[in-house]
Amino acid sequence: MEGIIATFRSPGAELIELGTLTVRWYGILIAISVLIGLKLSTRLGSYRNINPGIINDLMPILILSSIFGARFYYVSFEWNNYNGVNFWSKVHLLGLQIPIPSFLEIWNGGIAIHGALIMGTISIILFCRIKKQRFWDVLDVLVPSVALGQAIGRWGNFFNNEAFGLPTNQPWKLFIPFSSRPESFSDQSYFHPTFLYESLWNICIFLILIFLFRLNIRGLMKLPSGALSCIYLITYSLGRIWIEGLRIDPLCLGGSPPFCEGGLRIAQLISFLLICLGSFGLWWIYQSKRKMPNFGITRNRKK
């Protein structure tokens, strides 16, 4: 058993080098998430009379805005690591060393899902206003893909040797090389694989959302527009509060890692607010007796 456990370690962030181009696992995982998300969202959108072209037009906007939001959110709380002498970095491209601001090096990690959710939601709101689409219906068909994409994307943390938890001797412990350990834990070798916990949690959320969606289109459960999105907010945030408590690299509001002593873990605070928002949203949706979405394509198939 110990021999099997010892192999649970990252093979490295880089998948392959093609000349001067380095293909990283994180990029591959994001690409896979996007492709699966596009296919799934288009499929679910057909049940709510959302034209596939709408999802296709939205996806690149959503991807870019989410990546920007995720990076901006992270850098905002970690600005000291990118300011001063660390402001500039160099990338190798076509045999050249090109100077760029270090906060643009997203391939080295340093993104926050809450930033992606905030900026992604803003982009969906603006898109739906311009395209005259029903915001809640569009959001409902996207959140299952978001949950699945998070489950896949979290493995990027594994390959980058980041976002791990406290030291542990559990059978599922994760080996972290010395160069990736925080100084205060340099004498420890095995840590909680918090990326794995969140990945599994997100898979469960994805399955729950798909199950509820299917019950809804079959008329077995009343799920007004927006309810699925609120359920996602609540379920994801509940898991994130617990998982974030295990991590030793949190973004802190006051205090400092690994325990944010004298301060708060920002992800836990945001998650708590999202639970409140999602709970209020569900109450409002059912209290106001919002209309059920129109499942035109399903009914057409039954004829």
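Including glycine, each Cβ sits where the backbone N, Cα and C put it.
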Could you tell me which of the ranges 50-70, 134-154 is annotated in Swiss-Prot as transmembrane segment?
50-70
The transmembrane segment (193-213) in contact with the transmembrane segment (223-243), cutoff 8 A, at least 3 CB pairs, sep 6+:
yes
Between the transmembrane segment (223-243) and the transmembrane segment (106-126), do 3 or more CB pairs sit under 8 angstroms, pairs being 6 or more residues apart?
no
Distant-in-sequence neighbours of the transmembrane segment (50-70), which means Cβ under 8 A and at least six residues beyond its ends:
34, 37-38, 41-42, 106, 111-113, 115-120, 122-124, 127, 131, 133, 137-138, 141-142
